[in-house]
Amino acid sequence: WAGGAGGEPSLAGLGTAQGAGMVLQEPVGAPSPLTAAGGVGDAAAEVQLSRLRWAVLLLFSSYSLCNAFQWIQYGSISNVFGRFYGVSAFAIDWLSMSYMLIYIPLLFPVAWLLDKRGLRLIALAGSALNAMGAWVKLGSLKPRLFPVTVLGQVICGLAQVFILGMPSRIASVWFGSQEVSTACSIAVFGNQLGIAAGFLVPPVLIPNVEDVEKLAYHISIMFFMTAGVASALFILVIIVFKEKPPNPPSRAQALIQSRPAAEYSYVQSILCLLRNANFLLLMVTYGLNVGCFYALSTLLNRMVILHYPGQEVNAGRIGLTIILSGMTGALISGIWLDKTKTYKQTTLVVYIMSLVGMIVYTFTLDLGHLWVVFVTAGLLGFFMTGYLPLGFEFAAELTYPESEGTSSGLLNVSAQIFGIALTISQGQIIERFGTKEGNLLLCSVLFLGTIMTAFIKADLRRQRANLENEQT
């Protein structure tokens, strides 16, 4: 046993991590050699993959999708909702930014609950709040009821707090070490697919018509569909979602499950993370990159409509292109990391290409050719959105053996803070100077993030523990 930070015992010498799961996979059904040696693994002697793991992952991805759809459903047709409710574009932007604002103060209580009460309670809370918010929005189908739609969005924002930190934890609790990064990428997929649907569906369901009654009817269709899907997913979570598989999927999970709860201090874990210089650098760079993505997603409709009036549907399709290409990038990133474990190099290359994509997009948006915007937006999305699971997995390496729920939560807080700041700043710049100047702000931010990423030391603690475990 190696001493952890602040005198806390750590499992580094045995190649385990709180919430991790990234040591070499035992053959299915094989006993752990640590248990044979009479170690702490006696309580979980059999390492075996559960068939239910894919159902749990798919269900999480589905209600994460529904929540992400509700985040961007206003922003993708911000001009239509602004006219319907009689509010400014900035007020509609806040419907998106409310998600970011709510997350910041509630991260630590929810991350503490995740560590103390486990996956099932967090999944139930997230899916229940998501359905509740969707039903509240159905009470906002008149122009004077904008405060009601704000309330519904705030409830959905609360649900997001119970969703964003889950991918890496679900991957490590349910999946073996050779598939954990891929599983994390698929879990992130659901959220990205929801944003894609949020760009695609609202412009199709809600045409830009002058008749307020007709507009309210089309909005009601979208709200009813969303509430129905969210409610069905909540029921499925109650029935299907389990706390953990019958047998641990890896040696790391076997040892974690046999570790007394008193040995883990949540406060000590946070303090340890905040003393980790490499993690702090990653936290800032992750926030800069994902903050740019949040700002771009929130303001995309406004930017496209300025240069291509009346193209609300195509603005949504451009957003869809960004997300779908990014999902491809995310999946490739996850598979690549599982095969190569080159976290620092991959993160830096993807960051550089995000900057290149943003520069190309900035200088081609106003050329007057929509097909060019589709191509450049796809290039940008492939790298910028593909960066999301990279950040989670790199953080897990740098912060081993701390909980991934806490490290990914801190990454998300950074993203929300920068997302709010960049959305407000870029929105104001666009109104006063134009879209090119607003996008140049994001280019500058990504350039800064690229420089900072180069200074992150590839301190792959989890990989070192894996090697020590193999040697043992």
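Cβ atoms here come from the backbone N, Cα and C positions, even for glycine.
These features come from TrEMBL:
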type	residues	note
TRANSMEM	54-74	transmembrane segment
DOMAIN	56-461	domain 'Major facilitator superfamily (MFS) profile'
TRANSMEM	94-114	transmembrane segment
TRANSMEM	121-138	transmembrane segment
TRANSMEM	144-165	transmembrane segment
TRANSMEM	186-205	transmembrane segment
TRANSMEM	217-241	transmembrane segment
TRANSMEM	279-297	transmembrane segment
TRANSMEM	317-336	transmembrane segment
TRANSMEM	348-364	transmembrane segment
TRANSMEM	370-388	transmembrane segment
TRANSMEM	439-456	transmembrane segment
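Outside the transmembrane segment (439-456), and at least 6 residues removed from its termini, the chain residues within Cβ reach (under 8 Å) are 278, 281-282, 284-285, 288-289, 291-292, 295-296, 303, 344, 347-348, 351-352, 354-355, 358-359, 361-362, 365, 398, 418, 422, 425-426, 429. Beyond the ends of the transmembrane segment (54-74), by six or more residues, the same chain brings 81, 92, 95-96, 99, 123, 126-127, 130, 133-134, 137, 149, 153, 156-157, 159-160, 163, 166-167, 170-171, 174-175, 183, 186-187, 189-195, 197-199, 201-202, 222, 226, 229-230, 233-234, 236-237, 240-242, 297-298, 319 to within a C-beta distance below 8 angstroms of the stretch.
Within the same chain, the transmembrane segment (217-241) packs against the transmembrane segment (186-205): three or more Cβ pairs sit under 8 Å, each pair at least 6 residues apart. When the stretches 94-114, 317-336, 348-364 are ranked by Cβ pairs under 8 Å to the transmembrane segment (121-138), first place goes to 94-114. Below 8 angstroms of C-beta separation, residues 63-64, 67, 70-71, 74, 85-87, 91, 95, 98-99, 101-103, 106-107, 110-111, 114, 122-123, 125-130, 132-137, 191, 405, 408-409, 412 of the same chain, each at least six residues beyond the ends of the transmembrane segment (144-165), sit close to that stretch. The highest tally of CB pairs under 8 A with the transmembrane segment (186-205), across 94-114, 317-336, 348-364, 370-388, is held by 317-336. Outside the transmembrane segment (317-336), and at least 6 residues removed from its termini, the chain residues within Cβ reach (under 8 Å) are 72, 76, 181-186, 188-189, 192-193, 195-196, 198-200, 296-297, 300-301, 304, 342, 346, 350, 370, 373-374, 377-390, 393.
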